Amino acid sequence: MKSFTQSLAKCTLVAALLGASSITVAAEMSVKQAKSAVEFRQSIFQLLKSNIGPLGAMAKGRIPMNEAVIETNAIRMEQLSFMITDYFKADTRGTGVKSGSLDKIWEDQAGFAQKAQDLSTASAALLATVKAKDTANYKSAIGAVGKTCKACHDDYKAD
């Protein structure tokens, strides 16, 4: 009986050590995955920024309106907007990985998804405006896209 108890104790110790090492490996993988998720998100937002920048400059009169650029950038922004919520499915809170995301994204997923949809809708409306050659409304359509960006930042981005 003593031998059985000692063997059981040894097995329990080995199992505990293996379990602890598995948890450590899982945590390290989670950090690695969180870093990747944050990098992908930041890449999407950098691409959005590179596309809204020229549009904002046009709307403010800093550079001339260019229908080809407006059309291309509206298409890109709409496509990028479809990816936003996909890349926020991984909840990176508590991993120690720094990002500009507020916890509210995961606490209010429906609201966050609506903000991404608002960007999709505004981008599609901008595209329709430029395709219709509705030059009188270019500025306001660009402004509507910018407002969706600001609304999301106000609610979900840490400053």
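Including glycine, each Cβ sits where the backbone N, Cα and C put it.
Residues or ranges marked as heme c binding site by TrEMBL: CYS149, CYS152, HIS153. DSSP assigns CYS149 (heme c binding site) to a helix in the three-state reduction. Neighbour list (CYS149 (heme c binding site), Cβ cut-off 8 Å, at least 6 residues apart, same chain): LEU48, ILE52, LEU119.
According to TrEMBL, the feature signal peptide maps to 1-26.
The heme c site is set by CYS149, CYS152, HIS153; from the centre of their CB atoms, other residues of the chain with a CB within 8 Å are LYS115, LEU119, THR148, LYS150, ALA151, ASP154, ASP155, TYR156, LYS157.
Under 8 Å, Cβ to Cβ, and six or more positions away along its own chain, CYS152 (heme c binding site) finds PHE112, LYS115, ALA116, ASP118, LEU119.
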